Amino acid sequence: MDYLPMFAKLDGRPVLLVGGGEVALRKARLLLAAGARLTLVSPELEPDFHQFADRFTHLAERFTPAHLTGQILVVAATDDLEVNALVYQSANQLGLFVNVVDDPKRSSFIFPSIIDRSPIMVAVSSGGKAPVLVRLLRERLESLLPRHLGALAELSGRVRDQAKRVLSSISDRRRFWERAFASNTLAGLIEKEDWQGAEQWLNDGLDQAKNEVGEVVLVGAGPGDPGLLTLKALQQIQQAEVVLYDQLVSPEILDLVRRDATLVSVGKKAGAHSVPQEETNRLLVEYAKAGNRVVRLKGGDPFMFGRGGEELEVLAEEGIPFSVVPGITAAAGATAYAGIPLTHRDHAQSAVFITGHCQIDGKEPDWQQLAATSQTLVIYMGLMRSEHIQQQLVSHGRSSATPIAIIERGTTARQRVLTGTLADLAELAAQAVSPSLIVIGEVVALRERLAWFGEGQQQGTCDLKLVSLA
C-alpha cells in the first residue's frame with residue numbers, strides 16, 4: 001500500500017494551514033471539525049473565513065519556516081507553487097507530516113474522501129490516482145450506510161461497560177454485539193429515535209445472552225471457485241467464531257474467514273478419513289455449547305453426499321439451534337466450467353447423481369437403471385472404484401463407446417478435464433487425482449464446442465494421450 005490509513009486525534013493539537021482561498025477554506029473547516037488548534041498563514045483571506053474567525057489564529061503574512069515551530073501537522077493550500085514547495089521542504093526537514101493539496105508527490109499524508117456518521121467514520125482514497133472513482137465510491141457508500149449508524153455507535157458506547165460486567169468473555173460480548181447490530185428491531189427503535197426503548201432492548205438482550213447457547217450453520221462452500229460462494233455463505237463465514245472445514249474447501253475460500261476465527265480441519269479424502277465423523281459431531285456440539293457461532297463448512301452442497309443430514313441429526317438431539325446455507329454442488333459447478341451440460345434435449349432428459357463409495361451394508365446400486373442411455377450419470381468420489389463402475393455399466397447395457405469426462409479440481413485454476421469413452425474409464429481414473437468428478441453420457445461430446453474455462457488445460461482424449469506415451 002502507498003499510504004497507511006489511520007485516524008489522527010487533533011483535539012487541541014497545533015496545526016498549521018498555509019493559504020487563504022477556497023481550497024484552504026475547505027481544509028480549515030475540516031481541521032476545525034476535528035478539534036485542531038488552527039493557525040492560518042496568509043496575507044489575505046476569503047470573506048467566508050470571517051464566519052468562524054474566532055476559532056483560529058490568523059497571521060496575515062507570507063509563510064516562512066519559522067511558522068512551523070510547535071506544529072504537529074502542516075497543510076499547504078495555496079495556488080503558489082513556490083510557496084507550496086517551500087512548505088513541503090521545510091516541514092520535511094523538521095520531520096513533520098505535511099500535505100500539499102492536489103500534489104501527492106509533495107505530501108507525506110493525504111486527506112481521504114470521508115463518509116461521516118460520527119462517531120463512525122469511513123475514509124476512501126486512491127492515493128491521488130483516481131479522484132473521480134473515489135467520489136463515486138463515496139457516493140455509493142453514502143447511499144448504503146444508514147443515517148442512524150452514528151446514533152447506533154453512541155448507544156453501544158453507553159451500554160459497553162454494562163456488557164463487560166454481564167459478559168466476561170470477549171467472544172460472548174462480540175457475539176452479543178454482532179447479533180444486536182444485525183437486529184431489525186434495534187434498527188427500527190433507533191430509526192424512530194426511541195433511545196430509551198433501544199437502550200432497554202440492549203439491556204434485555206444482555207440478560208438473555210448470559211445463558212445463551214451457541215448455534216451451528218451448515219454452509220456449502222461450492223465446488224472451489226470463491227466467486228461461486230453465495231452471498232449468504234460469505235456472510236456466515238465472516239461472522240463465524242469457529243469454522244470446521246473439510247479438505248474439499250479451497251484455500252481461497254478459507255482466506256475469506258474472519259482473521260480471529262478458530263479454524264479446525266476435519267478434512268476427509270476418499271480412503272483417508274483424517275477425522276472420524278463421530279469426532280466431528282463431538283466438536284460441533286462442544287463448540288456450540290460453549291456459546292460459539294459455529295460454521296460447518298463443506299465443499300459443494302452440504303446435503304449432496306456431504307453427511308450434512310447426519311450432523312444436523314446430532315445437533316437436533318442435543319437441542320442446539322442450526323440453519324443451512326446451500327451451496328453449488330460439484331455436479332453443477334464442475335460440469336458447467338468444463339462445458340458439459342447435464343441435460344440436453346437431444347442427448348439427456350435427466351441426470352443422476354451417485355457416490356462411488358460402497359454402502360455400509362455392501363449393497364450395490366441399481367446398475368440396470370444407471371446404465372440407461374437417455375440420462376447423464378455423475379459420480380462423486382468414484383476414482384477408486386472406476387474399474388468396477390466401468391464393468392457394471394457395460395455389463396448392464398451401456399455402450400463402451402459412451403463419452404466420459406473426469407473433471408479434476410473443477411472450477412479452480414488447477415482444473416483439468418480428461419475425456420474419453422467408457423472403455424477408457426479405469427485408465428483415465430488412474431491418471432486423475434482427487435477431488436474428481438466422473439461424468440458419463442452423450443452430453444460429454446458437447447464439450448468440444450462448449451468448453452470455455454481453463455484455456456490451455458488438458459482436453460485431449462484417452463486415445464491421444466496413449467499415442468503420446470507410445
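Glycine is no exception: its Cβ is also placed from the backbone N, Cα and C atoms.
Per Swiss-Prot, region 'Precorrin-2 dehydrogenase /sirohydrochlorin ferrochelatase' is recorded for 1-202.
The feature NAD(+) binding site is assigned by Swiss-Prot to Glu22, Val23, Pro43, Glu44. Sequence-distant neighbours of Glu22 (NAD(+) binding site) (same chain, 6+ apart, CB under 8 A from its CB) are Glu46.
According to DSSP, Ser126 (phosphoserine) is assigned to coil rather than to any helix or strand. Summarising the annotation, Swiss-Prot assigns phosphoserine to Ser126.
Here Swiss-Prot flags 214-470 as region 'Uroporphyrinogen-III C-methyltransferase', drawing on sequence analysis. Per-residue pLDDT, averaged across the region 'Uroporphyrinogen-III C-methyltransferase' (214-470), gives 89.
The Cβ of Gly299 (S-adenosyl-L-methionine binding site) lies under 8 Å from the Cβ of Gly220, Ala221, Gly222, Pro223, Gly224, Asp246, Gln247, Leu248, Val249, Gly306, Gly327, Ala330, Pro435, each of these being in the same chain and 6 or more residues away along the sequence. The S-adenosyl-L-methionine binding site annotation in Swiss-Prot covers Pro223, Gly299, Gly300, Asp301, Thr329, Ala330, Met381, Gly410, and the record cites sequence analysis as its basis.
In the three-state DSSP reading, Asp246 (active site, proton acceptor) counts as coil. The active site, proton acceptor annotation in Swiss-Prot covers Asp246.
According to Swiss-Prot, the feature active site, proton donor maps to Lys268.
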For this session: To the nearest whole angstrom, state the Cα distance for the pair Ser126 (phosphoserine) and Gly410 (S-adenosyl-L-methionine binding site).
Result: 36
Exercise. What are the non-local neighbours of Glu44 (NAD(+) binding site), defined as same-chain residues 6+ apart in sequence with CB under 8 A from its CB?
Worked result: Gly20, Ala60
Problem set entry | Sequence-distant neighbours of Thr329 (S-adenosyl-L-methionine binding site) in its chain (C-beta under 8 A, six or more apart) | Gly220, Pro223, Gly300, Asp301, Met304, Phe353
For this session: Compute the mean position of the Cβ atoms of Glu22, Val23, Pro43, Glu44, which form the recorded NAD(+) site, and then list in sequence order the other residues of that chain whose Cβ is within 8 Å of it.
Result: Gly19, Gly20, Gly21, Ala24, Leu25, Ser42, Leu45, Glu46, Ala77, Thr78
Exercise. Could you give the maximum C-alpha to C-alpha distance in Å for the residues Glu22, Val23, Pro43, Glu44 that bind NAD(+) per the record?
Worked result: 15
